[in-house]
């Protein structure tokens with residue numbers, strides 16, 4: 001679940017800030033982000049957050065002391081560490097929102113089909129710069145993507161931004177499993193890099209070799225302003241990537257947190273307190 005829990009924190013912070021809004025179920029007054037296009041039948045790990053919340057509350061004397069938003073932030077960090085990645089000190093004190101916005105989720109969560117200018121604009125809107133964009137995209141060194149998000153890339157993109165052998169290998173593998181054909185197999189999974197269970201620098205090495213799985217991945221190394229950062233992260237055993245990823249995760253975790261008397265600490269992460 002490491003990649004999924006990391007992704008939950010990312011998708012939470014890009015919508016209204018890091019406030020746990022992604023965890024809210026739909027009600028007559030809550031327009032749940034779970035059904036937004038970037039999350040619907042894709043975001044997962046909600047049951048894991050529920051279990052963590054129950055254990056944390058138990059450790060705190062049965063009281064809701066730690067917010068769901070903070071739990072998302074810590075779970076993301078610990079997921080990266082569990083997959084062999086860097087650690088960082090998670091700043092705590094976030095409170096949970098009493099609202100959600102499916103519209104904002106649809107508009108503000110970066111799409112796997114974006115080009116570099118669109119990605120830069122999406123991150124800049126959250127106060128994140130180009131280096132943050134590349135570093136945080138490196139979270140794709142763990143996990144998988146659904147076929148519907150990379151089908152067009154492996155079948156239709158031209159040789160100037162995709163390695164021909166890579167495309168053939170992907171096509172052959174997918175066809176052998178009778179999946180990822182046009183119009184079918186949308187939910188079938190492909191690994192985002194060659195070591196999807198290990199947090200390492202292979203994601204960036206893939207980009208240099210034009211083997212990024214998603215269009216938005218390869219857009220980071222396609223003759224644009226982020227090429228040099230990608231090359232740097234793919235070298236020196238990923239040490240600079242680790243440092244910058246940890247720093248950018250702290251920065252992302254500070255996007256518009258609710259503190260003080262704003263928001264609440266939810267008893268149940270799926271619904272607003274009565």
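Glycine is treated like the rest: Cβ placed from N, Cα and C.
As recorded in TrEMBL:
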ACT_SITE  11  active site, proton acceptor
BINDING   12, 15, 17, 19, 21, 33  Ca(2+) 1 binding site
BINDING   110  substrate binding site
BINDING   140  heme b binding site
BINDING   141, 193, 200  Ca(2+) 2 binding site
DISULFID  13-18  disulfide bond
DISULFID  68-269  disulfide bond
DISULFID  147-180  disulfide bond
DOMAIN    1-273  domain 'Plant heme peroxidase family profile'
SITE      7  site 'Transition state stabilizer'
Check your understanding: Out of the recorded positions listed (13, 21, 140, 147), which are within 10 Å of residue 110 (substrate binding site), Cα to Cα?
Key -> none
Practice item. Kindly state the mean pLDDT of the domain 'Plant heme peroxidase family profile' (1-273) in the predicted structure. Key: 91
Practice item. May I ask which residues of the same chain, at least 6 positions away in sequence, place their Cβ under 8 angstroms from the Cβ of residue 13 (disulfide bond)? Key: 126, 252, 253, 255
**Study point:** Close binding-site residues near residue 193 (Ca(2+) 2 binding site), where close means Cα within 10 Å, chosen from 15, 17, 19, 140
**Key:** 140
Check your understanding: When a 10 Å sphere is centred on the Cβ of residue 33 (Ca(2+) 1 binding site), how many other Cβ atoms does it contain?
Key -> 27
Exercise for review: Take the C-alpha atoms of residue 15 (Ca(2+) 1 binding site) and residue 269 (disulfide bond) and report the distance between them in angstrom, rounded.
Suggested key: 16
Revision key, fill the gap. Cα-Cα, residue 19 (Ca(2+) 1 binding site) versus residue 68 (disulfide bond), nearest Å, comes out at 8
Exercise for review: Based on Cα distances to residue 269 (disulfide bond), point out the closest of the recorded positions 11, 12, 18, 21, 200.
Suggested key: 21
Study note, to complete from the structure: CB contacts under 8 angstroms to residue 18 (disulfide bond), restricted to the same chain and 6+ apart in sequence, sorted by sequence, are 9, 12, 69, 72, 73, 94, 252, 253, 254, 255, 256, 257
